[in-house]
Amino acid sequence: MESKNRRPSEARSIIDSACSKRYVIAIMGFIGIANAYAMRSVLSVAITEMVEDIHKTVIDPNGCPGPVNMKNTTNPNAEFDWSETLQGHILSAFYYGYVLAQIPGGILAQRYGGKHVFGIGIFLTSVLTILTPIAARIGPAYLIGVRVLEGIGEGPTIPAMNALLAQWVPISERSRIGSFVYAGNMIGTIVAQSSAGYLLKITDDNWPLVFYLTGAVALIWYAFWNFLVYSSPNEHPTITDYELTFLERNLKGVNRNKNKLKSTPWLAMLSSGPMWGLMIGQIAHDWALFMINADLPKYMKSVMKFSIAETGVWSSMPHLLMWLFAILTGWLSDYLISNGKLEILQQRRLFSTIACIGPMLGTLAASYAGCDKLKVVVLFTIGMATMGFFYSSMKVNVMDLTPNYAGPAMAMVNGVGAVAGIVSPPLIGYLIPNNTLLEWRNVFWISGGVVIVANSIYLVLASTSIQWWNDPVPTTETDDGDTDL
């Protein structure tokens, strides 16, 4: 009799779980992040056909065989004669605005909720993406200006998403939902780079079309976002009582009454060892990721001599496997933690280290693989795939430290990490004046050194304790017993 009485309740819980609003938030967030990264990365493929080949007189003794580049034979419709250094500044311009908008974006997300801050940021970036061809044809200074504004539009997106997830995702699901949502950056990059290469091939290098389509897709997403997403469970008009009760019981450290929260404790954050560990660790990840996003297409075309269609497809392959690893390691993380195999802090440290060492080894090995195209693609792909471990470790670590101030805290972490996006493209442009294999190999060695040093600092300072400044009432409760620094 007792088992019969339980069945309706069990059936209802299964149905409620399947229809959970937090999963709708996760799916829409995933697509939104994908749009954001598609818009920022599409230029890295398009620019290979927008710009005339300025290395046609340079012979690389270690280079791979390919078509001889007499007067612009590989991209006859190229319109610009920008140097490698200028291209580096154009690619890095996005991150100037991106860094500047982090803190204001985090404050806005904390005050007004993640929904509108995230959505409006994507909307503004989509409009600017559509305007990119016009700006490029007016002049490089105008293109740089548009890219800076795009960075300002996207700057608040990660802090806003972090604030949104902190309000919706219980700690038992944090690794897998967090890694799923943030893995959208890989899908966005995959779609942008592969589709851009294909479109450029079938449209005879009609590169403006790439920007028009990418921006239009983001505008369509924004319409659905406004109707389906809410900043917190309490604001959602159709959430079930079952899910609302579940979240209220399982959202650890979240204060639902925003009026009782202190103003954002910026000084406390700046004096927090775990926060500094995260900020420096983020540099390691962003340096490797931005290098691959911005410059791998150029390496594939200039050094490996891939066609534009091949460049788009093969440059996106590392992101595809990285996405799969991010999803799988999210589930693995929650399994290891829930079953007592690893403490939260151990998991964060171990997975973040794998995410740093793997890409370094993969890119270096690829640079020593000669002109074997298959081997180079495989090594790049396997190396970058291990970066998927980052999304269930360091990427969600901010929510471990401060659920209440996840937005502003992520703004600090993401802002410092994004400095790598400002520094690396111009530096790489300076280091590869002739786009030779040996020049690129030096780039990979330097990048590996940056990644190892930054991750080592994170390992020393990392914590998963809720920090004392998270709540108006000091808390001594921790996740795994490690002490606050």
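Cβ coordinates come from backbone N, Cα and C, glycine included.
TrEMBL entries are annotated by machine, without manual review.
Copied over from TrEMBL, here are the features:
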TRANSMEM  21-39  transmembrane segment
DOMAIN    24-466  domain 'Major facilitator superfamily (MFS) profile'
TRANSMEM  90-109  transmembrane segment
TRANSMEM  116-136  transmembrane segment
TRANSMEM  209-229  transmembrane segment
TRANSMEM  266-284  transmembrane segment
TRANSMEM  320-338  transmembrane segment
TRANSMEM  350-370  transmembrane segment
TRANSMEM  376-393  transmembrane segment
TRANSMEM  405-423  transmembrane segment
TRANSMEM  443-461  transmembrane segment
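Sequence-distant contacts of the transmembrane segment (116-136) (same chain, at least 6 residues past either end, Cβ-Cβ under 8 Å): 29, 32, 35-36, 39-40, 42-43, 50, 79-80, 105, 108-109, 142-143, 145-147, 149-150, 152-157, 159-161, 163-164, 207-208, 211-212, 214-216, 218-219, 221-222, 225-226, 229, 231.
With a cut-off of 8 Å on Cβ pairs spaced 6 or more residues apart, the transmembrane segment (209-229) and the transmembrane segment (21-39) reach 3 or more such pairs and are scored as touching. Cβ atoms under 8 Å from those of the transmembrane segment (376-393) belong to residues 175-176, 178-179, 182-183, 186, 285, 288-289, 292, 296, 304, 314, 317-330, 332-334, 347-352, 354-355, 357-363, 365-366, 369 of the same chain, restricted to positions at least 6 beyond its ends. Counting same-chain residues at least six beyond the ends of the transmembrane segment (443-461), those with a Cβ under 8 angstroms from any Cβ of the stretch are 273-274, 276-278, 280-281, 283-285, 287-288, 291, 295, 349, 352-353, 356-357, 359-360, 363-364, 366-367, 394, 420, 424, 428, 431-432, 485.
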